[in-house]
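Heads up, the thing below is written out as structure tokens.
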Amino acid sequence: MITTSGLTKVYRSRGREVTALDGVDLHVREGEVYGVIGQSGAGKSSLIRCVNLLERPTSGTVTVAGQDLTALAGRGPRAGKELRAARSRIGMVFQHFNLLSSRTVQANIELPLEILGLSGKERSRKALDLLDLVGLADKAKVYPAQLSGGQKQRVGIARALAGEPKVLLSDEATSALDPDTTRSILELLRDLNRQLGLTVLLITHEMEVVKTVCDSAALMQRGRIVESGTVNELLATPGSQLAAALFPVSGDATGADRTVVDVTFHGDAATQPVISQLSRTYNIDISILGAAMDTVAGKQVGRMRIELPGRFEENVVPIGFLREQGLQVDVAGDAPASIPAQDAPATAAALVKEGAK
Amino acid sequence: MTWSEMQPLLEQACWDTLYMVGWSTLIAVVGGLPLGILLVLTDRGGLLQNVVVNKVIGQVVNIARSMPFIILIVALMDFTRWVVGTTINREAAIVPLAIGAIPFFARLVETAVREVDHGLVEAVQSMGGNTWTVVRKVLVPESLPSLISSVTTTIVVLIGYSAMAGTVGAGGLGDLAIRYGYQRFETELMWITVAILAVVISVIQFAGDYAARGLHRRGGGSGAAPRLRLLRGKAQESAATAEPVRTTDPVTADAEPEREPVKAS
């Protein structure tokens, strides 16, 4: 639905060049919620602004719904008629809501419809429908200043949906909101994604956001996408920083003669209660050092760090059993597995810290 | 001088002032509003970025503003004759008054429009709006309280300027005070005109403030918005607690120096 290839954005100011985007290839499938996560200054904002060409990419192409927007943009700095028409089919939600304080909630939602040239009657009918959809039917005549942050963002979302877009861009839509409100806004986005088949591209610095709503995610660092894929794919990738940050597990062995094993649950295999099966089959005591699990559509997704009594050599059979169940098993202290995992926790910790800000 | 002698003089002077200031304000607003908006749009990073046009307009505005008004009256005489066919009386005074007020008002408009959050412009662009839509639906309505204050200031300044209009025989309250009060030692009449001017200016200022504040209150205040933006950096998690700050007096919020908000990526 959204494809960028070789997207580059270089800012020039006073002779200095800053590369915000350095060859970004992004592919967002139709109907999915795609999260781009990264720290401040990683280029996320530039990326999402390049998707509807609020920022002109220095090079590369952006295709949304089969339409090459970079070709529509032309050479001049101003947006031509075709690009503006294309933009009206892409909704956008902003961190600071960007509602007009001089207009009522209803009039704010009618604004994109005015631009599209709808009649007054149609506009107000549609605006009221949208307000109903976002759960603010009683606030039509209220001014934005009288709303809470979460309500403002709901209005922002309703406004973004007014042009019946197939694609919704969300620029840190929940970053100015408290955790509870964040959750309710994310739920709303999730519902809209399911009900309307809306494709959502969101950027965020909060891991929680990706974890809550995203089907796929990408990690951005210094203008590049360093990891991307569906949440399952990321989990299946050994040493994935995103997987480590999404499902952080920690905990050290409690004694010298113990084996610490990281078990990753993903895909179809993760339907069995494997830990208790393991315990019963081999008659061993298992302690769980840490776990980050979610249940998505009846399947367990996530990671767990468990401790088995005895050294690795004594646990080859139980570990083999886990692998047989189709689980990904990494043994801590097992040299080949630990090397890529080594720098992952550092970045993951940085991301989690960033997310907590 | 008795009151019966003074009354017709004062009445005529009041009407003259009202006439001159009224027309020149109207012209100043019609001319200065687009000019001020153009100054913002053509500036670096503006929607119609055009450094040359921006510099030229900026220079013209600066020169016109730095000119003492009494000089402007004389300098514009030929132009005045070409426009209204005469260089004396009320009509002739309106031309330099308006010309003097256009750049003044344009600068005020520029400041007011610049205060509009760029995010709102971006939002309208993301909906597919063009520059004209941005001007019509965002820049003007969002800066309306400030624009009304600007009109008020312009009217007050024009009343001051109109005192010099007596040099071209245009009459008015200021002219009355000079001719009778100063040149004929009619101190009493002078004080009466001063009092009338004070009352007129107070009423205009009050009406302007009232209108601007009414709009502020309705919209929650675009003047309070920049204040909120200053808090953005640290207020991300405490956005909810930052809300009540908005109820602060919009006037003091307006007076706050504009700082570039740190843009979070």
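Cβ atoms here come from the backbone N, Cα and C positions, even for glycine.
All TrEMBL annotations are machine predictions without curation.
The compositional bias 'Basic and acidic residues' feature in TrEMBL is assigned to B:256-265. The domain 'ABC transmembrane type-1' annotation in TrEMBL covers B:14-212. According to TrEMBL, the region 'Disordered' annotation covers B:235-265. Positions annotated as transmembrane segment by TrEMBL: B:20-41, B:62-80, B:92-109, B:146-169, B:189-208.
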Restricting to CB pairs under 8 Å, which listed stretch, B:20-41, B:92-109, B:189-208, is in contact most with the transmembrane segment (B:146-169)? B:92-109
With a Cβ cut-off under 8 Å, give me the same-chain residues at least six positions beyond the ends of the transmembrane segment (B:189-208) that come close to it. 1, 6, 9-10, 13-14, 17, 148-149, 151-153, 155-156, 159, 173-174, 176-177, 180-182
Report, as numbers and ranges, which residues of the same chain sit near the transmembrane segment (B:92-109): CB under 8 Å and 6 or more residues beyond its ends. 20-21, 23-25, 27-29, 31-33, 35-37, 39, 60-62, 64-65, 67, 69, 72-73, 76, 79-81, 83-84, 86, 147, 150-151, 153-154, 157-158, 161-162, 165, 168-170, 172
